[in-house]
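A.B. asks: Pasting a structure here, questions to come.
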Amino acid sequence: MEGEHQQQLPPGLAVPGVAGEEGRSEEGKDAVGGGALGRSLGPTPSQSRFQVDLVAEGAGRTAEEPLKASGEGGAAGKGSEEAKGRFRVNFVDPSAGDESPGELGGGSLEGGNVSFQNGGDTVLSEGSLHSGGHHHYYYDTHTNTYYLRTFGHNTMDAVPRIDHYRHTAADLGEKLLRPSLAELHDELDKEPFEDGYANGEEGTPAGEAVATYTPDSKGVVKFGWIKGVLVRCMLNIWGVMLFIRLSWIVGQAGIGLSVLVIGMATVVTTITGLSTSAIATNGFVRGGGAYYLISRSLGPEFGGAIGLIFAFANAVAVAMYVVGFAETVVELLKENGTLMVDEMNDIRIIGAITVVILLGISVAGMEWEAKAQIVLLVILILAIGDFVIGTFIPLDSKKPKGFFGYKAEIFMENFGPDFRHEETFFSVFAIFFPAATGILAGANISGDLADPQSAIPKGTLLAILITTLVYVGIAVSVGSCVVRDATGNVNNTLVTELTNCTTAACKLNYDFSSCQTGCHYGLMNNFQVMSMVSGFAPLISAGIFSATLSSALASLVSAPKIFQALCKDNIYPGFQMFAKGYGKNNEPLRGYLLTFLIALGFILIAELNVIAPIISNFFLASYALINFSVFHASLAKSPGWRPAFKYYNMWISLVGAILCCIVMFVINWWAALLTYVIVLGLYIYVTYKKPDVNWGSSTQALTYLNALQHSIRLSGVEDHVKNFRPQCLIMTGAPNSRPALLHLVHAFTKNVGLMICGHIHMGPRRQAMKELSTDLAKYQRWLIKNKMKAFYAPVHAEDLRDGGQYLMQAAGLGRMRPNTLVVGFKKNWRQCDMRDVETYINLFHDAFDIQYGVVVIRLKEGLDISHLQGQEELLSSQEKSPCTKDIIVKVDYSKKTETDTSIAFAPSSSERTPTLHKEEDEDGKTPTQPLLKKDSKSPSSPLNLADQRLLDASTQFQKKQGKSNIDVWWLFDDGGLTLLIPYLLTTKKKWKDCKIRVFIGGKINRIDHDRRAMATLLSKFRIDFSDIMVLGDINTKPKKENIAAFEEMIEPFRLHEDDKEQEVADKMKEDEPWRITDNELELYKTKTYRQIRLNELLKEHSSTANIIVMSLPVARKGAVSSALYMAWLEALSKDLPPILLVRGNHQSVLTFYS
């Protein structure tokens, strides 16, 4: 492929010699040449000390001119497909500029017009930098004077700049790649070229591939902090309450407690505001407001639950505010006697018309909506001003209605509470609190803010301050001017002085004593006190309209934006269709329609007293979680948690979260319970679905911190025999190539002990290192996907033995280190190179040296299915990896199981030699065979019988095992591991019906005694068994034919030193240490016979067992040759059900002490 790229490149992009074997375009590395990705793009603000004039070579060409992607115009053919998968790839068109070939498309990548916003001297926000639209210049370090002036020489290193740290997510401008470590550090393939970059590093197509996704920024509306946050928050917080309910609250609770109520609400909102500010300034905030903040800090589970609830709450809030507006209009109609139908239906009609108009304003675009908000704010402020002015002009006509102007007597009387009609402090608080919500209105449109990081804290906190002051001011002034009860009757003036004058009205010459029976005026009785007090009453009505409509409008805009962000993250796959945005601003029109329908539905219900508390609780739940997010992130001590806003405290945030939960119950206990149930339900659903996202949440950080702390705490505790756990290092090779091995070990380590899958890569170091990093992620993901509680540990080593030693010494952490080595039986040992057998047996010796237990697992069908994997299932976890050898028409998966570079460890049926040439399995299949297109070889092609059996055997431990036996041949005491493993198996669901049968050796004349002794021991260990068999005939001589078969098997591996001259024999023994000497064979004759005899006994007693666990014979290092030991294992375990040969490290792992 590389060669083809080479020919397609136009002269301006000539590449001096391509390093073919590196396959750089496939690796997607950015190279040095041609405007290489990640070289400095001109003087961004951070570099303003070295302001450099840009060389605009192609300035004649307009930016709009399309880049030619065919023929001469750039190698955008096959290369672009293969280069960056993440980017749309454009190529330099050298014909358009006049750059010299040596500069490889130096300056003019996207045409001549560079426009850094604000003249390039101030960093706008991430938002404005991300909004794209201005063309960046790409140039490499070699042609740029900037690097020469700064460092005095051309360097390939890139200087720090913001574009290196961007996400690849498209709509945020360009992501640039800094040179990879390999590019700076790997040795060069040939001599460096005179133009300063290495042969392997130059502009292969990946180098010129430039991510140029820059949406047109014209027409994108971004708001500053006043228009975007302050105005929105103030409008949303000042709701109907201000005009209709505040005076009533003062009447019930008195001035003192009213201020307390407002203060308590403010405490909750201020803490939440501080927490919001902290999260919003901890990194770039995209659209989605509260949902975005919570999901990115606490993870998708909480984020998904709150996002849905918060979007729904906002949608229903639209209905609530619109009905508030409609009620006021209907009141006016009623006063003038012009009702259309009846009160209820009028509210529905007016509400429906209003919500349609609001929808029109929202859909017209954010700019219109923002203008409407400003107009509404002006009206609202005028209305408040109108009231304040009115309080200073007490008119005689208003006195009968209870308004006397500022009077100390009224202030004193109204200072204390006077609760009536079963109202309490908390019920009054519950009525007022919704008036304080709305602080997230600015954060909810975070995606439309120019600089959310500075806008959200400034706007939100200032809005809370201003609105609180206004609330307190109005509460105090209305409490100082208006009495609680008034008749409205002019004739109630006092003519004569009363002696027992107690009420303030009485002191002001009005007798409202008749109000015990009920009046229509005064703070307690008249909701329209503010319009009565005001200088110009209609303005107050306009204020009410403005407050309700602006809140409705803000909610109508917030809900779809939040919902769109939620859908984009694909947490609830069913809602995917709502993620689509339209137009310049990516407006969620489908979301608007949905919000409109929900609002309309609730408007038609028109019974909002039921809905209001639920909405308040939904808002409070999200406030609680925002506060909790800050506490959680601070608790997790993640280095990524460093908000620019410093005025927060983790404990205050926790208090805020608790307060929010308490207030939920105060407002309405059943609504609070309902909210908790819904949040919990959604949380469980999202947790269960496990969305495939990784946002670096604080939940992750805390998990890590807990694991770290517990690991350290654990390492301070000495091991105790009661807490012994088999911690297994399994030599699996690629984990998916030996499923039987994995599932069997997983059966006794799951939730009990550690399980590490070792994989030793051999072969050329450079390639192995690449494979190591890709495999690590791939196979760990495969293990998790297959619900394996295990770790994957790859290492690179010269040969198998070194790799095994590395793993045994270094795998694990603190007390969580393996203590048992598990390997598959080397089935093809007689066919393969005996040096492999020597390496394999040496593993056992190394394990015993390091005080490991050893478990050898043998299935008569074999373990390794890597050559069958394609037929078994098109393994979805194997990502498409570029096939290096055979380029076949269409490679579905170039299976990269162990090729010559990663010889599998658990050396079973497909062990290859470390000579790296002999790639065949014993059945002659090359394991690197890629799966071709269906027409050439159907993945479901029938398997031969042996393969079919192997495939069936590989899944046998995933099934329920039924009522059968686990036979334990505990011949030698190894500390108890041989007994512990079968016991642990029976504790698992799949194995719980299996019974343990124990076989021991003994003397014929003491069989009963031995059985009783073993039964006592097992009952002391509290291990259930179904039977104990004492074998008195272990030492009987095996059958002649079995001895003959054994001798025939070892014949090729014998040294026969007696038939050779001494020198020849010694030389041969030195070269081939695995050979069996005659002397050794004679010395260990009885041991050899024992293995053969045991195999006969196993066939006799255990041929129907589900699994056999047996003591592994130990061979003395240096005394028993590898071939003889391997022959013993072969003789002992052949033609049997699955067998585990177990040898503990001879330290007790069982105890009968409590």
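Even glycines carry a Cβ here, placed using N, Cα and C.
So TrEMBL lists these for the protein:
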REGION    1-120  region 'Disordered'
COMPBIAS  21-30  compositional bias 'Basic and acidic residues'
DOMAIN    140-191  domain 'Amino acid permease N-terminal'
DOMAIN    228-729  domain 'Amino acid permease/ SLC12A'
TRANSMEM  229-249  transmembrane segment
TRANSMEM  255-281  transmembrane segment
TRANSMEM  302-326  transmembrane segment
TRANSMEM  346-365  transmembrane segment
TRANSMEM  374-395  transmembrane segment
TRANSMEM  425-447  transmembrane segment
TRANSMEM  459-479  transmembrane segment
TRANSMEM  536-559  transmembrane segment
TRANSMEM  592-612  transmembrane segment
TRANSMEM  618-636  transmembrane segment
TRANSMEM  648-667  transmembrane segment
TRANSMEM  673-688  transmembrane segment
DOMAIN    738-1154  domain 'SLC12A transporter C-terminal'
REGION    902-944  region 'Disordered'
A.B. asks: Contact between the transmembrane segment (425-447) and the transmembrane segment (459-479) is defined here as three or more C-beta pairs under 8 Å separated by at least 6 residues; is that satisfied?
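C.D. replies: Contact criterion met.
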A.B. asks: Count the CB pairs under 8 A between the transmembrane segment (302-326) and each of 255-281, 536-559, 592-612, 618-636, then give me the winner.
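C.D. replies: If we count Cβ pairs closer than 8 Å to the transmembrane segment (302-326), 592-612 scores highest.
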A.B. asks: In terms of Cβ proximity under 8 Å, which residues at least six beyond the ends of the transmembrane segment (255-281) contact it?
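C.D. replies: Same-chain contacts beyond the ends: 246, 249, 290, 293, 296-297, 411, 414-417, 425, 428-429, 432-433, 435-437, 439-440, 443, 446, 452-454, 456-457, 460-461, 464, 468, 471-472, 475-476, 479-480, 623, 626-627, 629-630, 633, 643-645, 647-648, 652-653, 655-656, 659-660, 663.
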A.B. asks: Please indicate, using numbers and ranges, the residues of the same chain that are 6 or more beyond the transmembrane segment (374-395) and have a C-beta under 8 Å from a C-beta there.
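C.D. replies: The answer is 227, 231, 234-235, 238, 242-243, 403-406, 470, 473-474, 477-478, 481, 530, 533-536, 539-540, 542-547, 549-550, 553.
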A.B. asks: Would you confirm whether the transmembrane segment (673-688) and the transmembrane segment (229-249) meet the contact rule of 3 or more C-beta pairs below 8 angstroms, pairs 6 or more apart in sequence?
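C.D. replies: Between the transmembrane segment (673-688) and the transmembrane segment (229-249), contact is absent.
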A.B. asks: Counting Cβ pairs under 8 Å that sit 6 or more residues apart, are there three or more between the transmembrane segment (229-249) and the transmembrane segment (648-667)?
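C.D. replies: As far as Cβ distances go (cut-off 8 Å, pairs 6 or more apart), the transmembrane segment (229-249) and the transmembrane segment (648-667) do not touch.
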A.B. asks: Are the transmembrane segment (592-612) and the transmembrane segment (346-365) close, by which I mean at least 3 Cβ pairs under 8 Å that are 6+ residues apart in sequence?
C.D. replies: yes
A.B. asks: Can you name the far-off residues of the same chain, 6+ from the ends of the transmembrane segment (425-447), with a Cβ under 8 Å from a Cβ of it?
C.D. replies: 223, 228-230, 232-233, 235-239, 241-242, 245-246, 249, 252-253, 257, 261-262, 264-266, 268-269, 272-273, 276, 280, 285-290, 292-293, 314, 366, 417, 419, 455-456, 459-460, 463-464, 467, 471, 551, 554, 557-558, 561-562, 565, 586, 612-613, 615-616, 619-620, 622-623, 663, 666-668
A.B. asks: Could you pull out which residues elsewhere in the chain have a CB under 8 Å from any CB of the transmembrane segment (618-636), counting only those six or more residues past its ends?
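C.D. replies: Hits for the transmembrane segment (618-636): 268-269, 271-272, 275-276, 278-279, 282, 290, 293-294, 297-298, 302, 306, 309-310, 312-313, 434, 437, 440, 648, 650-651, 653-654, 656-657, 660-661, 663-664, 667, 675-676, 679, 698-699, 701-702, 704-705.
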A.B. asks: Below 8 angstroms Cβ to Cβ, which residues of this chain, lying six or more residues outside the transmembrane segment (346-365), approach it?
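C.D. replies: Tertiary neighbours of the transmembrane segment (346-365) are 221, 318-319, 322-323, 325-327, 329-330, 333, 339-340, 372, 549, 552-553, 556-557, 583, 585, 587, 589, 592, 596, 599-600, 603-604, 606.
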A.B. asks: Could you please provide the mean pLDDT value for the domain 'SLC12A transporter C-terminal' (738-1154)?
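C.D. replies: Taking every residue of the domain 'SLC12A transporter C-terminal' (738-1154) together, the mean pLDDT is 78.
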